[in-house]
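What Swiss-Prot says about this one:
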type    : residues                                                 : note
BINDING : Gly14, Ala15, Gly16, Lys17, Ser18, Thr19, Arg120, Gln157 : ATP binding site
BINDING : Ser18                                                    : Mg(2+) binding site
BINDING : Asp36, Arg60, Gly82, Arg140                              : substrate binding site
Amino acid sequence: MAEKRNIFLIGPMGAGKSTIGRHLAEQLHMEFFDSDHEIERRSGADIGWVFDVEGEEGFRIREEKVIGDLSEQQGIVLATGGGAIKSRETRNKLSARGIVVYLETTIEKQLARTQRDKRRPLLQTEEPPREVLERLAQERNALYEEVADFVIQTDDQSAKIVANQIVKLIGM
C-alpha cells in the first residue's frame, strides 16, 4: 500500500477544522485547503448563496467534486465541511487518499464557537441551533467514526496543541 501523504480533517461545524488545519499545515510544511473556501472560489459566490440558490443538494454536489479534486493532490492538509462525509464517494476517497482525523467536539462548544457566525447556512433556520446541532450529530457521528483513522477531542484545547497531538498521532 502506498504511504498516505495527505491529512484530511473531518468533524462537525465548530470543531476547529480550519483553524487546526492551518496550524497543522504550517507545522508540517504542507499546503492547506479548506473545502468551503475552495467551493466559494470556484463558484464565485459564498456558501450561503450556493445554499439559497442550489439548496443543500446542489452544495453537496459541488463539495463532492472539490474534495475529489483536492484529494488527488499529495502533501496537503484539507479541512472538509461538516457534512462532507454524507457522501459515500467522498468518504471512500478520503479513506483511500490520506489520513483521516475526526475532530470531535461537544454541542456546547459548537454553540459557543458558532453563535455569532452568520456564514453557516444550516444554522440560519427557524429551528433552534442546539436542536440543529443535535440532529446533525445524530445523523453524522457514526459516519465520522466510520472513516476516521484517528479521533481527537478539541474541547478546551488550543488549535496549536491539537495540531501537535495530530503530528504525534500520525508520526509525521
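The backbone N, Cα and C atoms fix where each Cβ goes, glycine too.
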Ser18 (ATP binding site) versus Arg140 (substrate binding site) - Cα distance in angstrom: 19
Asp36, Arg60, Gly82, Arg140 excluded, remaining Cβ within 8 Å of their centroid (substrate): Met13, Glu63, Thr80, Gly81, Gly83, Ala84, Ile85, Lys86
Rounded inter-Cα distance in Å - Ala15 (ATP binding site), Asp36 (substrate binding site): 15
Distance, Arg60 (substrate binding site) to Gly16 (ATP binding site) (CA atoms, angstrom): 20
Between Arg60 (substrate binding site) and Gly14 (ATP binding site): CA-CA distance (Å): 19
Neighbourhood of Arg60 (substrate binding site) by C-beta distance under 8 A, where only residues 6 or more apart in the same chain count: Gly83, Lys86, Ser87
